[in-house]
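Record features, source Swiss-Prot:
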- HIS65, HIS164: heme b b566 binding site (BINDING)
- HIS150: heme b b562 binding site (BINDING)
- HIS169: ubiquinone binding site (BINDING)
- 1-21: transmembrane segment (TRANSMEM)
- 45-66: transmembrane segment (TRANSMEM)
- 81-101: transmembrane segment (TRANSMEM)
- 146-166: transmembrane segment (TRANSMEM)
- 194-214: transmembrane segment (TRANSMEM)
- 256-276: transmembrane segment (TRANSMEM)
- 288-308: transmembrane segment (TRANSMEM)
Amino acid sequence: FGSLLGICLLTQIITGLLLATHYTADTTLAFSSVAHTCRNVQYGWLIRNLQANGASFFFICIYLHIGRGFYYGSYLFKETWNTGVILLLTLMATAFVGYVLPWRQMSFWGATVITNLFSALPYIGQTIVEWAWGGFSVDNPTLTRFFALHFLLPFLIAGLTLIHFTFLHESGSNNPLGIMSDCDKIPFHPYFSVKDILGFMFMLLPLTTLALFSPNLLGDPENFTPANPLVTPPHIKPEWYFLFAYAILRSIPNKLGGVLALAASVLVLFLAPFLHTSKQRTMAFRPLSQFLFWMLVANLLILTWVGS
């Protein structure tokens, strides 16, 4: 899945650059500039659909990548694992600020709700929120800085990916049996390159199918309406890939408690290397651990469903 994530990142950066050339980071023009891109720019609709649905595939791949690492004990490469978790956090931040850019109903209210969570921090919370907003509400300054961040962060992700690679090459990669990988040290081309191309085909086929046939399947219908600060949508919710965390946030009646639980739901990944007690590295021969792992997967799926 690592190679697929690389392709995702490349696709997102290319489509994103093309979209940025037609985008206007201004509250009065953002929505219509996106509509203009879809209607009047050659293949603008395709570029936008690939960008929007590419994000979904990026998260599908990263969740599978993390799950696979969890199952096969890859977290014992501590540096590789920790840089990976930092990559996940950066990706989540990038997706969040990018979601706000078209300045639609759910974008606007999602940004308002999520940035407002920082106000739960004691003493400094309110100041941080107003500083992030650039005022007393989500408005033009917020949109401008979110665009700047959304442009910058993917390149930070690319840089972190190289660090991730460097640490991985220190140790060599893991395998399903959790034993030495020396026998896998074969020429990259044609062996691994052909294996990767198969993966690319398996990912790019559903991505193009989704982008061409039902590009709005995973989106929110509220997003066809331009942002209106005076009308709150009946239920505010993020994109599907954040629903598990959002469900955890919403299930706790206390604001600070919810924020801490939301943060913990992702940051708990940092603890994985310290919680490994087994003599065996992978779960391949540990039925009880396998059971707990699949319980975790089921739990996340149920949270995603409940969150919507």
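Heads up, the Cβ atoms here are built off N, Cα and C, so glycines get one too.
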Cβ pairs under 8 Å between the transmembrane segment (146-166) and the transmembrane segment (256-276), at least three: no
Most Cβ pairs under 8 Å with the transmembrane segment (1-21), selected from 81-101, 194-214, 256-276, 288-308: 194-214
Cβ neighbours of HIS65 (heme b b566 binding site) where a neighbour is any other Cβ within 10 Å: 18
Residues from the same chain, set at least six apart from the ends of the transmembrane segment (45-66), whose C-beta lies under 8 A from its own: 1-2, 4-5, 8-9, 11-12, 15-16, 18-19, 34, 37-39, 84, 87-88, 91, 95, 98, 203, 206-208, 210-212, 215, 218-219, 239-241, 269
In three-state DSSP terms, the structure that HIS164 (heme b b566 binding site) belongs to: helix
Inter-residue Cα distance where the pair is the residue listed as 'heme b b562 binding site' and HIS164 (heme b b566 binding site), in Å: 21
Listed in sequence order, residues with CB under 8 A of HIS150 (heme b b562 binding site) and six or more positions away: GLY16, THR94, VAL97, GLY98, LEU101
HIS65 (heme b b566 binding site) versus HIS169 (ubiquinone binding site) - Cα distance in angstrom: 17
Neighbour tally for HIS169 (ubiquinone binding site), based on other Cβ positions within 10 Å of its Cβ: 10
DSSP state at the residue listed as 'ubiquinone binding site', helix/strand/coil: helix
